[in-house]
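J.: Sequence annotations record features per position, and here Swiss-Prot assigns isopentenyl diphosphate binding site to 126, 129, 164, 181 based on similarity to another entry. Summarising the annotation, Swiss-Prot assigns Mg(2+) 2 binding site to 171, 175 and lists similarity to another entry as the type of evidence. Feature annotation from Swiss-Prot assigns Mg(2+) 1 binding site to 171, 175. Positions annotated as all-trans-polyprenyl diphosphate binding site by Swiss-Prot, on the basis of similarity to another entry: 180, 257, 258, 295, 312. The annotation transit peptide is assigned in Swiss-Prot to 1-71 on the grounds of sequence analysis.
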């Protein structure tokens, strides 16, 4: 894989294309090339060539003129593990305001609905989706010359978290989950009927606030996400224990269930910054690739982490017949795995045998490569943004996800 970038303004700070060096404070143009054998951003090896501002780009392309070259291996750099606390430091105030507003925004008059909302919001959560909205909002606002975030940026983050929360309530009902983030789920506390109504109410309330943004492009974008949620659930339900499920079908289902909301979040943030359409599209692709990478990593962890780490039994997706990337890859090399799955684990110990076959058949390794491939694509999508702390935080979000399987 080769990524090339030309004619990048350096100023006095950092270079683009993932090169955060300060070696060239008086130079203004670079050609950066990165190569990778394993397609992982963390494994990129590259070099940057910088020339004085007065040199013309054509001389760079032809290798003419005075220049100096610095080679570096990003894989060799020592870097502390990325935590969510440090990841969202730049938008901590924005996220605190969002947390303070969430319950009042739900605004339910029915005490049961209020209790349900308090249960799900009070359970905490990483607030990753609104965090992404704020990071992209700040990064693109800089590009558009905005001094601060708009009311629309902030309302979008709140709407996204409400939609995500509503989807979790419904997911817990469908999956019959009794715990969420260490707390009892809404349907476990209040019953299935109240949980379904609470999720419906939150979707409706989010839609009302969405309509009040009065931006048709964003309204269509977010409305499509709600449709995608349903499409993803139907796709999953109709393909349980189906060993002929293709990787493309898995990725489409993962887009519907996970990446669609992330992509809409990042694109919506860019739209409200009023940047050029090509930038908003790159932000959509960034969200899509990041969302897919996250889902693939989650599906890997279902096999590699313990029940205590997962908060649910290991291999629980497989046990329900939900075939994810590691299983799809392993099925190509392990005929016995097909037999076990199609029997729906009717024999004692068959689930444990299937989990072992997934690892033995190279399913975990190939799924890791796929997650890194999507991560690489996400990093490339960010190259349209000016180098800033906010862009660096978005890059770190990609790396944070990959660190979960390193």
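Each residue's number is its place along the chain shown, starting with 1.
Cβ from N, Cα, C; glycine included.
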J.: Between the Cα atoms of residue 126 (isopentenyl diphosphate binding site) and residue 258 (all-trans-polyprenyl diphosphate binding site), what distance do you get, rounded to the nearest Å?
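T.: Pair distance, Cα basis, whole Å: 15 Å.
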J.: Taking only the Cα atoms, work out how far residue 295 (all-trans-polyprenyl diphosphate binding site) lies from residue 171 (Mg(2+) 2 binding site), in Å, as a whole number.
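T.: Per the Cα atoms, residue 295 (all-trans-polyprenyl diphosphate binding site) and residue 171 (Mg(2+) 2 binding site) stand 15 Å apart.
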J.: At 10 angstroms around each C-beta, which of the binding-site residues 126, 257 has the fewest other C-beta atoms nearby?
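T.: Across 126, 257, these binding-site residues, the one with fewest Cβ atoms within 10 Å is 126.
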J.: What whole-number Å value do you get for the CA-CA distance of residue 129 (isopentenyl diphosphate binding site) and residue 258 (all-trans-polyprenyl diphosphate binding site)?
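T.: Here the two Cα atoms lie 11 Å apart.
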J.: Using DSSP with the three-state reduction, classify residue 258 (all-trans-polyprenyl diphosphate binding site) as helix, strand or coil.
T.: helix
J.: Taking the Cα atoms as reference points, how far is residue 258 (all-trans-polyprenyl diphosphate binding site) from residue 164 (isopentenyl diphosphate binding site) in Å?
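T.: Pair distance, Cα basis, whole Å: 9 Å.
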J.: About how far apart, in whole Å, are the alpha carbons (Cα) of residue 164 (isopentenyl diphosphate binding site) and residue 171 (Mg(2+) 2 binding site)?
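T.: A Cα-Cα distance of 10 Å.
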J.: Let's check the environment of residue 171 (Mg(2+) 2 binding site): how many other CB atoms sit within 10 Å of its CB?
T.: 16
J.: Identify, in sequence order, the residues in the chain of residue 175 (Mg(2+) 2 binding site) that are 6 or more apart from it along the sequence and have a CB within less than 8 Å of its CB; answer 'none' if there are none.
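T.: Looking at Cβ-Cβ distances below 8 Å from residue 175 (Mg(2+) 2 binding site), excluding near sequence neighbours, one finds 320.
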J.: What whole-number Å value do you get for the CA-CA distance of residue 171 (Mg(2+) 2 binding site) and residue 257 (all-trans-polyprenyl diphosphate binding site)?
T.: 10
J.: Taking the Cβ of residue 129 (isopentenyl diphosphate binding site) as the centre, how many other Cβ atoms fall within a 10 Å radius?
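T.: There are 21 of them.
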